[in-house]
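All remarks here apply to the structure that follows.
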Amino acid sequence: MHEAAITEGLVRTLLTEAARHQISSIKQVTVKVGQLKAVEPHALKFCFEMFVEGTIAENAKLIIVHLTPIAICQQCSTKFEVPKFHFRCPQCDSNELKLLQGEELFIESFDV
């Protein structure tokens, strides 16, 4: 379950930023997760609740925004959403693609 390690890092970053800005309470955290990260949302939420226990984010709501993989074909320049595990251009069938979105994992914002 790699969600525990991922969440530990997210919470560490969250608390560091909150301390840096002298924030005393966090009510909501929005995280963007690319689908290619293979992060299980329920596991991420479970781990989040575990890691924020006893911190200024203890009662914070975790919002997970899923990012669909998007690629651009290097042959014909078609930009498209990548269907599940089908990394071929729908226009020219090339597999020479540049991934533009789908591997991210970051804190987008938090509300105090």
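Start at 1 and count along the chain as shown; that gives each residue its number.
Just so it is clear, glycine is given a Cβ too, placed from its N, Cα and C backbone atoms.
Any TrEMBL annotation is an automated prediction that lacks curation.
Source: prediction; values computed, not measured.
The annotation Ni(2+) binding site is assigned in TrEMBL to HIS2. As annotated by TrEMBL, Zn(2+) binding site applies to CYS73, CYS76, CYS89, CYS92.
Taking the C-alpha positions, the distance from CYS76 (Zn(2+) binding site) to the residue listed as 'Ni(2+) binding site' comes to 37 Å. Close to the recorded Zn(2+) site, the chain also has GLN74, GLN75, SER77, THR78, PRO90, GLN91, ASP93, SER94, GLU96: residues not among CYS73, CYS76, CYS89, CYS92 whose Cβ is within 8 Å of the site's Cβ mean position. Here the residue listed as 'Ni(2+) binding site' is positioned 36 angstrom away from CYS92 (Zn(2+) binding site), judged by their C-alpha atoms.
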